Amino acid sequence: MPSAFQFQCHFVLIFLAASKGETRYLEVRDAGEDEPFLLLSDDLKRELSAGQIYRRSLRCIDMLSIEGQFTFTADQPQLNCATFFIGEPEELITIEYNFVNIDCQGGDFLKVFDGWILKGEKFPSSLDHPLTTSQRYVDFCETGNVQKSIKSSQNVAMIFFRIHQPGNGFTVTIKKNTNLFPCNVISQTPSGRFTMVVPHQHRNCSFSIIYPVVIKISDLTLGHVNGLFLNKPSSGCAGVGDFVELLGGAGLDPSKMFPLADLCHSFHGSAQMKIGCDNTVLRMVSSGKHINRVTFEYHQLDLQETEIRKENSIEEFCFPSI
């Protein structure tokens, strides 16, 4: 049985698929335990090829991965609503207020959060974000028209809102900008390939995959001694300064996840790991003294792969949760 965290995230990802097109463009596969996803046809992309702005209404709980103009109008008191925004790994998200009609004095609010927060867990974690937690919130009722445009620090952002009076609401425009050096990323898909580069920056960067996966690191450059060195979590890479760690867990926040393995030195080759956790994170810790680079690919883990052991694989983790 999927965990509550997986169900919540898959629910959000279903909205991601739905947000890319009207429901008539969606074909429902088996929305059961093993395949809780919707397929998207390319009709919407063809319709938008002429350059027109995509517009639609927002749901109380919604998710968007496309640029456009989106409006929420309350048909009844809506007290616990959120919209999740996600882009490609190399994209930043800009949220612009076009129109806001809420009663701040009556208890309404409209807040942007720089990242995602789910059940009290944040991505990126507080350890890895350039802003403090309080700075990551932008409250319309406090700033008003002073700050109409808000840009995310990574490929995800969200808004929280509460509206008591039917007929009140807001309109926002979502735009995306290129991020030359993506740092913290949530993957939209259960499979892919990515290269993370941290160029002489003292920062930590996490790539989060909300699925059990097989992850294979094919290239790692950390700016110091060559050679593959895989440490057990008990020893870690303390004192190295620049390293990559693999984390697994059942929540969203990397700082609350279990360390599975550390990669402390550069190598060219292949290091593979099967991680059966609800969430898998590859996290690069950088001192700022080097240009650090890691290339990896990943795909969703199926039950048959748990029975197959391959060469150059690290110990397997979290399989009881599958």
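Note that the numbers count up from 1, one per residue, in the order the chain is shown.
Backbone N, Cα and C atoms are what each Cβ position is placed from, and that goes for glycine too.
Because TrEMBL annotations are produced automatically, they should be read as predictions rather than curated entries.
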According to TrEMBL, which candidate among Cys237, Cys264, Cys318 shares a disulfide with Cys277? Cys318
Disulphide pairing with Cys104 per TrEMBL - partner from Cys60, Cys141: Cys141
Could you identify, going by TrEMBL, the member of Cys183, Cys237 that forms a disulphide bond with Cys205? Cys183
Do me a favour and check the Cα-Cα span between Cys183 (disulfide bond) and Cys264 (disulfide bond); whole Å is fine. 19
Can you tell me which of the disulfide-bonded residues Cys81, Cys104, Cys205, Cys277, Cys318 is spatially closest to Cys264 (disulfide bond)? Compare CA atoms only. Cys205
Name the one residue among Cys60, Cys81, Cys205, Cys277 whose Cα is closest in three-dimensional space to that of Cys104 (disulfide bond); these are the disulfide-bonded residues. Cys81
CA-CA, which of the disulfide-bonded residues Cys141, Cys205, Cys237, Cys277, Cys318 lies nearest Cys60 (disulfide bond)? Cys141
